[in-house]
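The annotation domain 'BPL/LPL catalytic' is assigned in TrEMBL to 105-295. Annotation source TrEMBL lists domain 'Rhodanese' at 405-522, 580-687. Per TrEMBL, region 'Disordered' is recorded for 579-604.
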Amino acid sequence: MRFPVRLPPPATAAAVAAATVLAAVALRRYHLYSHSSMATSAHRRGDSGGTTVVVSGKSPQDRQLLASAAGSLALGEGDAVEEITVTLDSGTGAGAGAGAGFDAGAYMGALRAGRFGRWMLWSPRLCSTHDLVVQNFDKLPVGVVCVACVQFKGRGRSKNTWESPPGCLMFSFTSQMKDAQKLPLIQYVVCLAMTEAIKELCCSKGLPELDVRIKWPNDLYLKGLKVGGILCTSSYGTKVYNICTGIGLNVDNEKPTTCLNAALQEMKVNSPKLKHEDILSSFFNKFEVLFEIFSNQGFQALEEKYYNSWLHSGQKVVVQDGHETRGVDSVVTIQGLTPTGYLHAIGEGGESYELHPDGNSFDFFTGSFKITPRRLGEPASGQGRAPMAQDDSVVSSQWLREHLGQPDVKVLDASWYMPVENRDPWQEYQVAHIPGALFFDIDGILDRTTDLPHMLPSEGAFAAAVSALDIKNHDKVIVYDGKGFFSAPRVWWMFRVYGHNKVWVLDGGLPQWRASGFDLESSCPGDAILKSKAANSAVEMVYNGQLADSVTFQTEFQPQLFWTLEKVKHNVAAQTHQQVDARPKGRFDGVAPEPRKGVRSGHIPGTKSVPFPEMFDGAPMLLPADEIRKKFEQAGISLDRPIVVTCGSGVTACILALGLYRLGKNDIPVYDGSWTEWEAQPDHDYPKVTSTGS
């Protein structure tokens, strides 16, 4: 279901400025120039003699390194692989762009960045700079940039095609990051770097300042018209995410919208023109600085700069929220970005909304664009009532018994116990489990790069493990554990973090199944053992940099459900979310010991206590929604404000998330490292509340 958003008629200068955000025409699929029909036809030909690439480097060593790598470049797939001819730049600048207006020597001379842009592939005509770096990522040095004079099959949002003539600066470059939580925000860093680079370049050359602005999420605007766009894609490599960023910037093509140099001429007749190589070097000089800040301090360190360059602060939009055929218009005011990079808006009644981009539905011609609004704390659109209550978090033993054995119903035993309990979940699974269930090892399907217990595995590792368990994207996954309500919600949360919403917890778990008198399997088929062990092996292979076998499960990371140490640290100061701890009250207050040796008890400042057993009755069965609501309200927690949950090591916090899901709150993030991670940090940077008050 799609929800249109449109601006009310502007009544003030500020409103007029906001309205212009939506009044431009897209640059996608354009034939921007009218002076060369012959060039246009050339853009469309993909079979005219292959591709020529010129190699340049900041130093002779850089040039030689890239030349060695470029000798094995490939572009395309199967029978459509395109021939690439590699030429080594002479180092004088004439090789890259001779006769085409790009001076590689001038570019390298102005480049101060040490990590980005020091290796360059330049082509007079290329199908896609983005495809070239994506398909050859492992062959090229990280930080390489690919530049094309003409691009006839560029990449855009939602698989759009960009046809880009001479006059546009089209380039793609590579980078890497380890923190998956920061990936959705990298496009904002790129946008900010380009806007600041253009302004600083104009200033350094004594030119009028070009007030290039950011239109969320990834477009660049000048005087109300689009002049550029940004595309970031990523894939998981060996313990790191490989990022490819593509940028298209209209520097010289005045028609049909505007361009940077036309705007300069309007402000100052006979103004010198900006050169492509100057813009490119200025961008990398700025991006390297911002990327370092972003990597070390997070996006919050750049937010003030970002908001100074974007178009949306205080902008009012109309969201249509309601039934598919009978929507209700609501006026909301954009406040800024959420921690996960979506738009945060406030309704007229004070309710918070999170606004998501809706695929490719930006409509520049009608002055409107479409986004998907989701009121924070309410179910996302499309999650209506289903025969098995998809808007709830649990299924009954009776339901599972009636559907057991159906091909699309997969059952997982996710039993896990605290270290002090001396219970072996794998051994217990082999003794007795629900028929057909496979064992999901929380201590095996985990992040292998940290000493913290059972942390969320990488997206690639999770996909490999679930594929080994023979779970498909269309399957309904039912999770249970041996205690009734303990570790199963953790696995329920893991599936949801990676985009699989067809997952439920068995209400009451194995104890309730037994109490209902339903059958158990007391033997473990060899196939079940092999699949469970294969899941653990697949995770190990991914973290060892090997390609896991037959990865068929497709994931889609949901960063809003997963919080890191730094996010919680920021929240302790900002208090955007209410922090709720699921551990028993004694451990929370610091008067009862933690089950892990060497870990003090206590809690994160500003956190409130709702012990996880409050979510179920003595059976244990999940409480009705109205009783769960009372538990949180009695603890002083407002269900109208955002919440983040924590515990000892990220397990029982998921029980609170499960309970809140029953209340319609499907956006509750879990602090994965929880108290075990927080307590291990230096007290002066990460304060604690303990029984001694420290």
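Quick reminder: no glycine exception, Cβ is built from N, Cα and C everywhere.
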For the region 'Disordered' (579-604), residues assigned helix / strand / coil by DSSP: 5 helix, 4 strand, 17 coil
Predicted model, mean pLDDT over the domain 'BPL/LPL catalytic' (105-295): 88
DSSP-assigned states of the domain 'Rhodanese' (405-522) in counts, ordered helix, strand, coil: 37 helix, 18 strand, 63 coil
